[in-house]
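Colleague: From TrEMBL, here are the annotated features:
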TRANSMEM  A:23-40  transmembrane segment
TRANSMEM  A:56-77  transmembrane segment
TRANSMEM  A:105-124  transmembrane segment
TRANSMEM  A:136-157  transmembrane segment
TRANSMEM  A:164-182  transmembrane segment
TRANSMEM  A:188-208  transmembrane segment
TRANSMEM  A:215-234  transmembrane segment
TRANSMEM  A:275-297  transmembrane segment
TRANSMEM  A:330-353  transmembrane segment
TRANSMEM  A:365-393  transmembrane segment
TRANSMEM  A:414-430  transmembrane segment
Amino acid sequence: MANVASTTASAGSELTARALREAVFAGLISLGLFILFVGLETTQNIRNELVLNQRWGLLATFVVIAMVGRFLMVAYVQPRLAQRKAAKAAAPDVVKEEGFFSRNFSAIAIVALILYPPVVLALTGVQGSLKWVDNFGIQILIYVMLAWGLNIVVGLAGLLDLGYVAFYAVGAYSYALLSSYFGLSFWVLLPVAGLLAACWGVVLGFPVLRLRGDYLAIVTLAFGEIIRLVLINWTEVTKGTFGVSGIAKATLFGIKFDATKTGFAALFGLPMSSAYYKIFLFYLILGLALLTAFVTIRLRRMPIGRAWEALREDEIACRSLGINTVTTKLTAFATGAMFGGFAGSFFAVRQGFVSPESFVFLESAVILAIVVLGGMGSLTGIAIAAAVMIGGTEILRELAFLKLVFGPNFTPELYRMLIFGLAMVVVMVWKPRGFVGSREPTAFLHKRKAVSGSFTKEGHG
Amino acid sequence: MALETNTMTKDPILKVEHLSMRFGGLMAINDFSFEAARGDITALIGPNGAGKTTVFNCITGFYKPTMGMITMKQRSGKEYLLERLPDFEITKTAKVARTFQNIRMFSGLTVLENLLVAQHNKLMQASGYTLLGLFGFPAYRQASGEAIDIARHWLEKASLIDRADDPAGDLPYGAQRRLEIARAMCTGPELLCLDEPAAGLNPRESLALNELLQEIRRDTGTSILLIEHDMSVVMEISDHVVVLEYGQKISDGNPDFVKNDPKVIAAYLGVEDEEVEEVIEQIEEIESEQGGTKQ
Amino acid sequence: MEYFVQQLVNGLTLGSIYGMIAIGYTMVYGIIGMINFAHGDIFMLGGFAALIVFLILTTFMAGIPVVLALLLMMIVGMLTAALWNWTIERVAYRPLRGSFRLAPLITAIGMSIVLSNFIQVTQGPRNKPIPPLVSSVYDIFGIAVSLKQIIIVVITAFLLSVFWYIVNRTPLGRAQRATEQDRKMAALLGVDVDRTISVTFIMGAALAAVAGTMYLMYYGVVVFTDGFAPGVKAFTAAVLGGIGSLPGAVLGGLLIGLIESLWSAYFTIDYKDVATFSILAIVLIFKPSGILGRPEVEKV
């Protein structure tokens, strides 16, 4: 007995020694990483010359955090994780019966979303609800819709598209320009924007049909940039970097959301507030997003959807089965682009202003990240990823109490993208296949069983 | 020679004439001609690197031949020049389906879904090129029900019915081979081209494969063209054997004729020792078997 | 004619910088088949490191010879960028090796966001201008060639020959090429694959940092967003030249530099990036594997 105890004790001290070693190593590395960028700051002095500002205390904090973090990681977290893994491997494979909540997740989520605006309205009042409906509700739903649209191209057809934001831009500018030049209404232009984006999807898709994998990625990225650059430089039409402003608002069956007598508020005897328009927009984007989901689910059960997934798995086998891969790829591009176009025209109507700045590569990257983080092909996973990533970074704006901790100069918004990027890395390393890694089959004979992510491929394109 | 002319006069489903394929300076196939008769199982054999798969790739449109003509004649009498069709049209309109030497599954789709993908063109039409199906028109629902029935039929034939809802990538190797054949049959072909269907199978699976192929021919009248190394498969089930060496035809006739053709023996003897032994062994095996049945 | 040659010189200078960044992309792609999206930001980081070293030198060691200053900026920049790239590979890419192909792409994009925002947070979002380091201009047959340009082209040529030597003539390079061909087999034959990959990231980052220093010297300004545009163009260069090919990366870089400066000189400067990207698209459509890339043939 004593013997056993002493071996565990010596193993423990060995672990501590190793953890200390690793902590020192991590400290040295972090010192190297941060000494220039954290220890010194370049600031402009009164004569507009760059001068150095020394921050050795901050550097020390960074290094200490790295060392402590590494020590805890090696000494406590890693053994704990290894133990859990071993326990999991040892435990028999029990098939977990899904609870009521997870079985009806989609239905519950949709009901919750429909009830969201009235609940917020009741809790926070008319003016207070603005922020919650707009910054959280609408903002997240736009990304959900965009990610669901891109999911058709990347998740189903396996074509890596890094320029998806181009279609978003096409949709937004279609509405902005056609409504301001021709005075057409949102409801007329919504399908027009979708169609135009779909056409661009085909136009851009056609030349890249032969390209595979990373070549496809870079060319789609290039196309996205080309569209943005044209929007910047074609000033006669797009007004360049100034953007198009004063875009007409949408109407509900001809009812305008303004302060006039025929406006929404007056008509229903409510006090005038922009909150009602926001709530209307919330339901509009919810409807559009659900349309995207509905079409995706329907298409997956149809030959075209199956062909997309087959294309992702093996293009040559597809051709050997008589599938025209050219039209299959183009329809994937066009369908994905169409939803991007819808989302774009919604974006224009929501902001009332579009400029090329909203359509930078970073947006494409964020949308793609949501698709992959959620689990390619899984609508639920993608929606969760959008809520976590976009909602999470939006929440940073709300954390005013951090000012009390870090001082009045601390602006949490500055760290939004930094944390977004870190979250992308952490989630991917933790779950490389995304939140929902399994695939739901589209047809079954005996029993519907989810396909584990280890079998699905990610496509070549 | 009499045997050879005999197969020639039969109604040919596939005619390959003066086929040549050049890769850079290498003449992979040189003036190769043969015919496959309707309803026959035709085997294309030859040593490694003889150009068998290249011939297949030319027939199924994955390569465009440098020269030559490949004619597919359907039951209805319609003729197609395969070298002029894009690869997917060869399956879609000319009704030639194929399998691959290295199995190409849609491994993330279930077995059933694999077979539904194979019925793409039919279902596409039934769904009004997606538009009607999107709005839930009954025509598509009916067609998709029929497609599942066809898939069920082939799953039963390939004894994969129990695994219908499992991912294809989860199947063992032999089952994947059968699935690939079932999938090709779901395209409704008149000519089925199999690239080494018995490669990597154990004797029991190999036997099951023979039965499956013979059943396919008997029940559907589909003609089969196969590339094979496994002589027991070739000799047992094929009606007609074509031997290829260095891209040229060296023998053509029924299995007995080919087996005893000195050129064929030389070709196999001329390669590696192991393979020669294999050939001799198999020939002896088959002969003793046939001797046994005669008594 | 002189105008044309002048633009040629400008294009070559710019192209050298792109080429040096492109090598990092192409080497990483060659060895682990991933687009290291954070590489452009490593270049920016190198530029910032050089900037800070420059400020240290001017604050504490005024009067140091320019050559020494440049050398120090370059070396510290290389070390810092190499350390960052090594860490990033360890933390964000290595755990995902052999997993789902898109996962490292996403972490790379995440890292790119982290790096640029890290610099924004720690160094501030404004442009960082420095006084010109070298300002001599020579008149060669009526063409104005600045010393900066000569330094950039000479350093690029020198580093490229060093790299060419390392990759083609040393055991390290052999290990790299073996890992590129078949990682599993290389490991079986005793190549330390992890180390080889780490070294590749370090080498790529060092070159990017040199490019960053040159960029700072050439334009006299750096800002936290500078990783993106040169990064994308360098990646475009790598793809244009044929990704995985070292000479291809340099050729692609030079081509992109030339296209950019010639287009700006003869057409409108507004559309110079549109021209670059369009040419990339056109080349890839007709030659999908790039100019010097090996065509990817899938066996049926």
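Using the three backbone atoms N, Cα and C, a Cβ is placed for every residue, glycine included.
No curator has checked TrEMBL annotations; they are predicted automatically.
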Colleague: Can you work out whether the transmembrane segment (A:330-353) touches the transmembrane segment (A:105-124), with the criterion being 3+ CB pairs under 8 Å where the paired residues are 6 or more apart along the chain?
Modeller: no
Colleague: Please indicate, using numbers and ranges, the residues of the same chain that are 6 or more beyond the transmembrane segment (A:365-393) and have a C-beta under 8 Å from a C-beta there.
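Modeller: For the transmembrane segment (A:365-393), the sequence-distant neighbours (Cβ-Cβ under 8 Å, at least 6 residues beyond its ends) are 105-106, 109, 136, 139-140, 143-144, 146-148, 150-151, 154-156, 161-162, 164-165, 293, 296-297, 309, 416-417, 419-420, 423-424, 427-428, 433-440, 453, 456, 458.
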Colleague: Who are the chain neighbours of the transmembrane segment (A:136-157) in space, where the CB to CB distance is under 8 Å and they lie at least 6 residues beyond its ends?
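Modeller: Contacts of the transmembrane segment (A:136-157) (Cβ under 8 Å, skipping residues fewer than 6 from its ends): 113, 116-117, 120, 164, 167-168, 278, 281-282, 285-286, 288-289, 292-293, 296, 299-300, 305, 308-309, 311-312, 328-329, 332-333, 335-340, 342-343, 346-347, 350, 366-368, 370-372, 374, 376-379, 382-383, 385-387, 389-391, 394, 459, 461.
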Colleague: Tell me whether the transmembrane segment (A:275-297) sits in contact with the transmembrane segment (A:414-430), defined here as at least 3 Cβ pairs under 8 Å among residues 6 or more apart in sequence.
Modeller: no
Colleague: Using a Cβ-Cβ cut-off of under 8 Å, list the residues of the same chain that are 6+ residues beyond the ends of the transmembrane segment (A:105-124) and lie near it.
Modeller: 132-133, 137, 275, 279, 282-283, 286, 290, 380, 383
